[in-house]
Amino acid sequence: AENTGLWISCAWLTLPSVPFRCEKDVDECASEPCMNGGFCINYVNSFECVCDINFSGIYCQMDVSDFYVYLFLGLWQNLFQLVSYLIIRLDDEPEIEWGLHVDD
């Protein structure tokens, strides 16, 4: 077999008539499987899509841009509840007068 630079690994077989079998690597990124501006990385017999921050999934097919809005609002709500709780708890303490009282 002529080596064209596309040969990858050989799987050794036990058959005496076929000592080994080599396969060519297929560029899975040639079909542009990544959607929504995702960047395709070709591996041996597989590929990976590197997605923009607003997209997720194997092919960058899921729009998750709203997820960050809901996450921010949820964190803001929890922070607001914590501050409100602390203000209410501080207000519940008995009031102490620090002024000096002079009995007449």
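Cβ from N, Cα, C; glycine included.
Automatic prediction, not curation, is the source of TrEMBL annotations.
Using a 10 Å radius centred on the Cβ of Cys60 (disulfide bond) and all shown protein chains, the other Cβ atoms total 21. Taken from TrEMBL, the feature disulfide bond covers Cys51-Cys60.
The domain 'EGF-like' annotation in TrEMBL covers 25-61.
Counting residues per DSSP class in helix, strand and coil order gives 4 helix, 12 strand, 21 coil for the domain 'EGF-like' (25-61).
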